[in-house]
C-alpha cells in the first residue's frame, strides 16, 4: 500500500536530471488512459533543473547548433543570439532573409565575412618608431603590448583589464560591453573578455552576468526564485505547472510564484497586488463614511442624530444621514425619513452598500487566505516535533523506514494548507454557479479534514499508543490527500469545460 | 590604479597646456594639489551666446578609478543655464555620466562643456526653473543669462534695468544674490519676486 503513494517528492539528486520516475508512471497511464486518483495533475510536465555549468553548456550547445548552419565565429554567434534574445529561428530568418550587413551593424559586431579596412589606424608614437601609444593611459608600448577589436581601436593590456573590470564589477554590464573608445559601439565578445581580464573573481562575475542575461531573455528558462539558489529550470514549453528545484523549492514555472494551484497566475498576480496596495483602505472609507451631498467632504457619523450639519465652514449643509437629502423637508415633527425612494439618495446609498459589501467579501477571503498562510508557517515547527516522535518510535523497535509515514503526514498537511490558501484566491474571483457550489463543498471538506489532521498531529498524537498511531495517521493523511486531489481535479475539469466565470473585483 | 590616474592627468595636463585652444585662451587647467586629484578648469563663454566674454571656473575632481570612471566636474562660477544648477553648479551632461569613455580627456570634457553653453538641452534639464524660462521666453532667458555672465563671470554687458531692480530689493534688506535669483526666476517681475522672498 505504501508504495502506491510515493509520488511527487521526487527531488532530483543531481543537477540536470529529469524527474523521470513519475513520467514512467504516467506513461503507463496514458496507455490504459484511466485517470487514477493518486496521479497528481503535474507529473506529465517535463523539465530539467540546470546548474550553472549546465547553463553554460546549454548556451554553447545552442551556439554550436546555430553555427552548424551559419558558420560564424562562436563569439559573433553569441552576440547575435543575445541580440535576438536567444531565439535561434528568428536569427536564422533575419540572417538569410535580410540585409546581413545591416544585421551585423544593428547587433554591433563587425561582419566576419567582410574584413573591412581598419578605420582608426594605430596611433604611432612620434618619438619612437615601431611603437604605439595607448589612448587610455597615454603610455607608449611595443605593438605586441597592445590589443583591440575589429573596429581598430587599440589599447594596452593593462588598460583593457581595468576597463573591463570596471564595467563588470561596478556597472554590472555583461553581454553588452562596448569598445573603450568614445562613440564606438562594437561589442566586446566573451572570449576577449576572458582573455583580457586577469582576476578570477571578475571572470566569475562576468560569467554570472552572461548566464543571467541568457536566462532572463529565454522564455523556456527561469531561475529558481528561492533565495541563494543557483539553479535554473528549463522546460519544453511554458505552462502553468509546478516545478521542483534541486533545492526543494516548488514553484509555478509560468509566473515564478510558489505553486498556487488551483488559482491561475493572472488572478494570483491581481490578488497579490490587491493585498499589497491600499485599495482596501479606500474601500473602508467608502463603506463607513458618507460624503456631504453639497461639498463632498468625507463624514463619519459619531452620534445618534441623523440631522447632519457639515462642519466644513464654507458649506454648513443640513442634510439627513439616512437619505442624504436636504434636511429641510424632514421638519422636526416627523423623524421617519420618507425620502427613501428619491433617485439621487438611492444611488448614493447603493454605491455605499456596494463598497461595504465588497470590503466584507474581500476581508472574508483575505482572512482565510492569510490564516492558512500563517498556519503553513507554523507547520515548520511541526516538522521538528514530528522528528522527535520519529526518534522515539525508532527506540521502540520500529525501523527508520517504518516511521517515515509521520514526515509524509506533515508533507501532506503542508500541501493541503497551500492548496487551501490558494482556493480562497480562486473563490474570491469566482462567480457563483452550480459548479462553484460543488467547489465550495470540496473546499469545505478539504478544510475540515485538514484541520483534523493538523489537530491530530499537533496534539492527540502524544496520548496514543505507538502502534495505533501509524494506522490512524495514514488513514487521515490519505483521506486528506484524496480530498485535495478531488478538489483540484474538479477545478481542472472546470478549466477545461469553461465552468468558471471570473468576477471582476 | 591610482597610478594610471595620476599618469593620465600629468599627460593630459601637458596636452591641454600645449593645445591650440589654450593658445586662443578658450580653455585652461590648473593643478590644485600635487597628487593630481583636484584641478581647476576655466572655459570662456562661446562667441555669439549670452555667455560671450565671461570666464567660467570649474571644479574638477579626479576619482581613483580615472579614466575608467568620469571626472567629477561642477561650475564654481554661478551661471544661468538649463543644464547647470543655478544653486550648486552641478552639470547634466551625458559624457560626465553613462556616456563617458575611457579614451576621453580633460580637454574633450572642457570642450564639451563649452559646446553645452552654446547648445542647451532644455528637455533634459538640471535646473527646471531655468529650463522653463528657456522654453517659454527665450528673450527673457538670454537677458538673464547675459546679466549673470556680467555679474559673476566678468561679461561685458551691463544691464541697468536688472541692476536697478536688484538694488530696490537690496534696499529692502534682501541679500543681493537672493534678490537676483528671485527676480531671475520670476521673469524680473519685482512684485512676484518680493512676494516669494517675504512669504
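For all residues, glycine too, the Cβ spot is worked out from N, Cα and C.
What TrEMBL says about this protein:
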type     : residues  : note
DOMAIN   : B:4-154   : domain 'UBC core'
ACT_SITE : B:92      : active site, glycyl thioester intermediate
DOMAIN   : B:157-199 : domain 'UBA'
Exercise. Are there residues of the same chain, six or more positions away from residue B:92 (active site, glycyl thioester intermediate), whose CB falls under 8 angstroms from its CB, and which are they?
Worked result: B:83, B:84, B:121, B:124, B:125, B:126
Exercise. Within the domain 'UBA' (B:157-199), how many residues are helix, strand or coil going by DSSP?
Worked result: 31 helix, 0 strand, 12 coil
Problem set entry | Within-chain partners of the domain 'UBA' (B:157-199) [C-beta distance under 8 Å, separation at least 6 from its ends] | 53, 78, 80, 86, 129, 133, 137, 140, 143-144, 146-151
Exercise. For the domain 'UBA' (B:157-199), what's the model's average pLDDT?
Worked result: 89
